[in-house]
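Per Swiss-Prot, the features are as follows:
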type	residues	note
BINDING	Lys23, Ser24, Arg28, Ser170, Ser171, Gln172, Ser198, Asp317, Lys344	3-phosphoshikimate binding site
BINDING	Lys23, Gly95, Arg123, Gln172, Arg348, Arg391, Lys416	phosphoenolpyruvate binding site
ACT_SITE	Asp317	active site, proton acceptor
Amino acid sequence: MTESVRLPVARLKPSTVALPGSKSISNRTLLLAALSDNACEIHSLLKSDDTDRMLEALDKLGVQIEYLAEDRLKVHGTGGRFPNRTADLFLGNAGTAFRPLTAALAVLGGDYHLHGVPRMHERPIGDLVDALRIAGADVEYLGKEHYPPLHIGERQDNGERVIPIKGNVSSQFLTALLMALPLTGQAFEIRMVGELISKPYIDITLKLMAQFGVQVINEGYRVFKIPADAHYHAPEHLHVEGDASSASYFLAAGLIAATPVRVTGIGANSIQGDVAFARELEKIGADVVWGENFVEVSRPKERAVQSFDLDANHIPDAAMTLAIVALATGQTCTLRNIGSWRVKETDRIAAMANELRKLGAKVVEEAEAIHITPPETLTPDAVIDTYDDHRMAMCFSLVSLLGVPVVINDPKCTHKTFPTYFDVFSSLTETAE
């Protein structure tokens with residue numbers, strides 16, 4: 001039987017939340033540190049299913065890792081060559097581990113088997129594999145063409161130095177290629193084919209690579225130039241920012257409940273694109289205060305939450321939270337340019353539409369957009385399915401701030417990025433039933 005949690009009608013208390021470390025930054029940092037020519041102590045690392053899969057994989061590849069505290073460890077770099085050239089790697093449903101490791105191992109060569117949970121085998125990887133093959137990599141599909149699981153063999157340097165890659169399905173493919181190609185020591189040019197989605201995630205990658213000593217020239221997100229003789233050299237200490245996507249639930253709560261909520265671990269200078277979520281809240285009625293290491297959202301009770309029609313390509317993960325905020329507006333709201341939702345942990349457009357309808361909302365689903373019209377009164381005690389998707393569970397917790405209780409199935413799916421989410425959420429609220 002599916003485990004579930006019932007959230008009663010809740011009242012938000014003025015609150016401060018210390019965010020867990022960013023998933024995107026944590027897994028990129030672990031891989032870059034493992035490929036560096038020195039040791040790196042990483043602080044505030046996210047403890048979650050996705051980072052556990054990356055750490056397990058690095059261990060199987062022969063990387064020495066010292067666990068110093070719950071959220072602090074030291075990675076001893078391998079100088080850009082993993083000691084173990086044969087490994088069977090199970091990577092769960094962790095795209096931030098699967099895609100970058102695929103590219104790094106394909107560029108280095110060896111005898112590797114990469115696989116995950118059934119949903120991971122439904123998430124496309126063909127655009128990345130096509131690019132890696134142009135660079136001489138030996139990557140074989142073990143099941144359906146263009147999807148994991150994969151076998152990786154020895155790379156043959158074919159002299160090709162200009163690599164085209166599509167960027168309209170997932171920016172993680174470009175991230176993976178950017179992080180892997182410096183391991184060759186050769187100069188490369190990566191050329192985008194068609195539109196590149198989720199550019200802020202590429203900014204995270206480029207900024208982290210620079211912190212590890214590799215400067216990539218970005219020519220308008222169309223061409224990326226990797227210098228010859230590049231190698232990774234880690235900072236002695238690196239602090240992982242709080243997760244800006246996870247911040248979205250608490251910031252949205254502050255707007256919905258007209259109660260001040262401060263999140264710490266991100267701020268005005270964050271390298272994560274999802275901090276722009278707070279700016280979107282500002283446009284629809286929030287008061288936002290920015291600090292160096294915090295963002296605070298509130299709303300005067302007399303000011304209504306405004307409806308919106310938003311191109312959300314720049315904040316694909318945090319935009320899911322806006323689908324719940326739409327219920328507080330009383331008017332039709334639209335999220336556009338969210339086609340990447342279809343190939344995430346689940347088909348998030350379909351999942352979001354299904355579950356919003358259980359609350360009484362009218363939802364029109366398009367290939368790359370969703371239109372949400374809230375009902376006069378939300379349906380109480382709706383049972384929300386979460387599709388093994390951490391963000392579905394966290395988003396729908398906010399319904400309890402809208403005057404109705406809600407039941408969330410499989411709340412433990414938040415272990416992917418935020419294992420303590422429901423404990424933290426309940427600590428910020430009091431029952432109003």
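One is the number of the first residue shown, and numbering goes on along the chain from there.
Every residue gets a Cβ built from N, Cα and C, even glycine.
Swiss-Prot feature annotations superimposed on the structure.
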residue : record                           : DSSP (3 states)
Arg28   : 3-phosphoshikimate binding site  : helix
Gly95   : phosphoenolpyruvate binding site : helix
Arg123  : phosphoenolpyruvate binding site : coil
Ser171  : 3-phosphoshikimate binding site  : helix
Ser198  : 3-phosphoshikimate binding site  : coil
Lys344  : 3-phosphoshikimate binding site  : coil
Arg391  : phosphoenolpyruvate binding site : helix
Lys416  : phosphoenolpyruvate binding site : helix
Close in space, distant in sequence - Arg348 (phosphoenolpyruvate binding site), Cβ under 8 Å, 6 or more apart: Met320, Ile338, Trp341, Arg342, Asp389, Arg391, Met392
Cα separation, Lys23 (3-phosphoshikimate binding site) to Lys416 (phosphoenolpyruvate binding site) (Å, whole number): 9
Cβ neighbours of Gln172 (phosphoenolpyruvate binding site) where a neighbour is any other Cβ within 10 Å: 25
Candidates Lys23, Ser198, Asp317 (recorded positions) with Cα within 10 Å of Gln172 (phosphoenolpyruvate binding site): Ser198
Between the residue listed as 'active site, proton acceptor' and Lys344 (3-phosphoshikimate binding site), the C-alpha gap once rounded to whole angstrom: 9
Distant-in-sequence Cβ neighbours of Arg28 (3-phosphoshikimate binding site), under 8 Å, six or more positions away: Thr96, Pro100, Thr175, Met179, Ile204, Thr205, Leu208
Distance from Ser171 (3-phosphoshikimate binding site) back to Gly95 (phosphoenolpyruvate binding site), taken between C-alpha atoms, in Å: 11
Residue with minimal Cβ packing [other Cβ atoms within 10 Å] among the binding-site residues Lys23, Arg123: Arg123
For Ser171 (3-phosphoshikimate binding site): intrachain residues, at least 6 apart, with Cβ closer than 8 Å: Leu196, Ile197, Ser198, Lys199, Tyr201, Ile202
Euclidean distance between Cα atoms of Lys344 (3-phosphoshikimate binding site) and Arg123 (phosphoenolpyruvate binding site), Å: 7
Maximal Cα-Cα distance (Å) across residues annotated as binding phosphoenolpyruvate, namely Lys23, Gly95, Arg123, Gln172, Arg348, Arg391, Lys416: 19
For Lys344 (3-phosphoshikimate binding site): intrachain residues, at least 6 apart, with Cβ closer than 8 Å: Gly95, Arg123, Asp389, Arg391
Site of maximum Cβ density within 10 Å, from binding-site residues Arg391, Lys416: Arg391
Cβ-based isolation winner (fewest other Cβ atoms within 10 Å) among the binding-site residues Gly95, Ser198: Ser198
